[in-house]
Amino acid sequence: MALPRITSPHAKGSNRTQQVMLQVLLATVPGILALTWLFGAGTLYNLALASLFALAFEAAILAARQRPLAFFLKDYSALVTAVLLALALPPYAPWWLTLIACGFAIVFGKQLYGGLGQNPFNPAMLGYVVVLISFPVEMTSWPAPHGVAALDGIKHILGIASLPDGWAQATALDALKVNKSLTIDELRAANPAFGHFGGAGSEAVNLAFLAGGLYLLHKRLITWHAPVGMLAALFVMSLLFWNGSGSDSNGSPLFHLLTGATMLGAFFIVTDPVSGATSNRGRLVFGIGVGVLVYVIRAWGGYPDAVAFAVLLMNLAAPTIDYYTRPRSYGHRKPNSGFKLGE
């Protein structure tokens, strides 16, 4: 009896790139709904523009590289980058700001290195940091919750008309950084940006992204190592340097966990399988490094929220982390640590 020969591996996973990306997009829905409830249609406008621009840049570069458009566009990786970037940008951001951010994310953050699976940096965070440094006024103009009408927002995005004075307000992280003379209780009483534990409305947004992250964990699309490492490190750092609600306080552990882009970063950014560490121990170290850097930059740096900077800095360290945390090779007692000095 002739037995057929097949090439190994004989078992393969059921998750294709397209399916994984669709699951990630699905997991962002709770956060999108929370942001839309808080800021109105501005988040949806960002999502529509970012998706359009990201797909256009992706198609243009693929055409220039003479790659099949349909095959690569259908993996939805550009769409995931667009969604993460749109969620990080302020609602009702000008169209040209979204265009520049998407251009840097897709062209310089992804395609310049060869496309999906080759990028050393998280593309969405690279695009975000470029526009944050280049256009700080526009990037720090967050609208007050429930404070902008949909039509006025569209006019502002297109540059037809400006929004009324007072439409924007400082976020809780902004207020904490620039009002060091006030205690936490005084800030909470005087500033509507503060909620019970974190930023007003930001608590619900972070919990929504936490729900999406738990869905990804349930589907085994991510592991717990990087998110737990980041959140635990941020909690410990904020606990060590928390002195109550005095005027020199940097905020409580709950404040840091439920304010800004903490949960979005922990479950959707830090877990990037390409630009992060690859082993489980490496992912844990990577997440801890991000959490420490987030607190350091929030407390003593020049930017109120620091998830993007922390992730990009740890992207630089990811190869070194992989080098020292690589698992033991089969048949060897110790991990294969690569070359040694003197060899």
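Yeah, the Cβs are placed from backbone N, Cα and C, and that goes for glycine too.
Source: prediction; values computed, not measured.
According to Swiss-Prot, the features are:
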TRANSMEM  24-44  transmembrane segment
TRANSMEM  45-65  transmembrane segment
TRANSMEM  69-91  transmembrane segment
TRANSMEM  124-144  transmembrane segment
MOD_RES   THR171  FMN phosphoryl threonine
TRANSMEM  197-217  transmembrane segment
TRANSMEM  221-241  transmembrane segment
TRANSMEM  251-271  transmembrane segment
TRANSMEM  284-304  transmembrane segment
TRANSMEM  305-325  transmembrane segment
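Beyond its flanks by at least six residues, the transmembrane segment (69-91) meets 17-18, 21-22, 24-25, 28, 31-32, 35, 39-40, 42-43, 45-47, 49-51, 53-55, 57-59, 62-63, 97-98, 101-102, 105-106, 109-110, 115-116, 123-125, 127-128, 131, 138-143, 148, 153, 261, 264, 268-269, 308 of its own chain at Cβ-Cβ distances under 8 Å. Using a 10 Å Cβ-Cβ cutoff, THR171 (FMN phosphoryl threonine) registers 23 neighbours. Taking every listed stretch (124-144, 197-217, 221-241, 251-271, 284-304) in turn, the largest tally of C-beta pairs under 8 A with the transmembrane segment (24-44) is reached by 197-217. Between the transmembrane segment (124-144) and the stretches 45-65, 197-217, 221-241, 251-271, 305-325, the greatest number of Cβ pairs separated by less than 8 Å involves 305-325. Sequence-distant contacts of the transmembrane segment (45-65) (same chain, at least 6 residues past either end, Cβ-Cβ under 8 Å): 32, 72-73, 78-79, 81-83, 85-87, 89, 91-93, 95, 98-99, 101-103, 105-107, 111, 153-154, 157.
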